[in-house]
Each structure stands twice: as C-alpha cells, then as structure tokens.
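Beneath this line is the structure, given in structure tokens, with notes to follow.
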Amino acid sequence: MNATATTADPLVLYGQTFHSRLLLGTSRYPSPAVLEAAVKRSRPAMLTASLRRQGSQPAETGASFWELLRRLDVPVLPNTAGCLSIQEAVTTAQMAREVFDTPWIKLELIGDDYTLQPDTLNLVEAASILIKDGFQVLPYCTEDLVLCQRLVDVGCQAVMPWAAPIGTGRGPVNPYALQTLRERLQVPMIVDAGLGRPSHACQVMEWGFDGVLLNTAVALSQDPVAMAGAFADATHAGRAAWHAGAMAEQHSAQPSTPVLGTPFWHHDSQ
Ligand SMILES: CC(=O)[C@@H](O)[C@H](O)COP(=O)(O)O
C-alpha cells in the first residue's frame, strides 16, 4: 500500500489541504533518479529544497534539479538551511520566494553548528518578520512548549518541533516534552528532523502529531525507494491508530480469552 491521507482526513496548513502527512527532503540521495522514484512511491505532501544547496551546485546539476521538481509536481517547501542570523534567514527566505515562486518557507535558524539546534532565542523574531512579509512560515524548532506558543502568538499557523538533531536518526529523544506539547497546543504540528525509522514516524503520529518531515532516514537507507514507501505507510498507520484511540496500558495481566466454566477436571481436584 502506498499510504496517503484520506480525503476525509487531510492535512491542512494555512488553509491549504494536502493529500499526505509525509513531507520529504531532497538531499543526500544516491542519484536524482532514486529521489524521483522515492517521491513517486511515497507521494509526499511537500518536498523541501534548499536555495543555498541548489545555488552551490554546478549549473547543469542545478538546472536538472529544477526540472525534476517541476516533473514531480509536488509543492515545494523552500528552507533556510544553514542560516545563522535573523537577517540571513529573512534574506534567504525572500530570495527563495522569488526563485521557487511560493510563499511557503521552512524557517531554519541554526543556533548551534554542532547539534544544528534551532536558535530558540531569535526564531520568534525571524518568524514574526516573515509572517508580516506575507510568508506562510513553518518554523523548525525544539519541542519547548513556550517557544512553540510564542511562534503561534506571532502568527505561525503550524510549528515543526524536532524529534532529535538533524541527520541523527535517533527518533524522539524527549517523548515527554513532545507529548506535553501535543496536549497543550492545538495548531498543526509536524515532527521534523531526527526520525530514523518508520516506527519513529508511526510513534509520533500515534501521539497525535499532524505530520512528519524527514530526509536522511530515506536518503541514506539501503533502498531509499522502499524506505520512502515504508515511511508513508507508517505515517498513515500512526494517524489511523491515533484516530482509533489506543487502549489504556494496564498494570497487570488480564486474560484476553475469558474462560466460561472448566471442561476438564484438574488431576489434584479428583
Ligand atoms: C530536509 C530538511 O529540511 C532537513 O533539515 C530536515 O530537518 C530533515 O532532517 P533529517 O534529515 O534528520 O530527517
């Protein structure tokens, strides 16, 4: 099965409806052909693209990447990957808007080069500037509840907390904070970065998150096309499980097969 969100349960961001709850990055694939096949298999809602990364490619590679994006016909979510200051992020977003002809921006403002941790002190101001400038901002942030609330306060209609640092594949390293965030905020939330396995995606979707964004786990897998499909299915399954409502955990064993009467005498009771 190639899972997609059903039309009855679409992902809605900034009033726009998406057919899937999986967002996919476009970096680090073995080849453009593999990327293309992975996208066709998983049918993501959006594809992220870095203006800086593409801009640094040789002209021919860059041009064929644009051609590939056009052919895939999946909405593009430009990102401000690698930006370290508010001004840099704002300028990069404005350039991306021109190049990709879209108001969408994944706001990535890095505060620590080693962990690629978002700059939690400057992110809100950067988001506020971009929102006022007409962007539909999806901020990459930590799972900090107050930070996410402030991002919503300045007009972000969705936020994207990390599961773990980008490229680590560790899965949700702070389940308690992520689940608390989900309970406290009502806006759409997409878990972005650090997911390594389809079960990680399924897990956060079971907690009620609205979508997942990932790149490395697919691109660096042994078979990126099959892994992209597995992530799409896992995302769909997690969402379905969240809707279904999981049973409450029990402290002790409870027989799942009730016994009505005993057809045999126990030896010691004769
Ligand atoms: C592609 C992109 O936007 C990444 O910055 C994103 O955060 C994905 O992270 P992973 O590569 O860890 O999935």
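Quick reminder: no glycine exception, Cβ is built from N, Cα and C everywhere.
Keep in mind that this is a model prediction, so the values were computed, not measured.
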Identity of the 1-deoxy-D-xylulose 5-phosphate-site residue among GLY167, GLY208, GLY229, GLY238 (reference: ALA193, GLY194, ASN215, THR216, source: TrEMBL): GLY167
Spatial separation of GLY194 (1-deoxy-D-xylulose 5-phosphate binding site) from LYS106 (active site, schiff-base intermediate with DXP) - C-alpha basis, Å: 16
Conformational class of ALA193 (1-deoxy-D-xylulose 5-phosphate binding site) under the three-state DSSP mapping: coil
Residue among binding-site residues GLY167, GLY194 with least C-beta crowding, 10 angstrom cut-off: GLY167
Cβ-Cβ distance under 8 Å to THR216 (1-deoxy-D-xylulose 5-phosphate binding site), same chain, at least six residues away: GLY25, ARG28, ILE166, GLY167, GLY169, GLY196
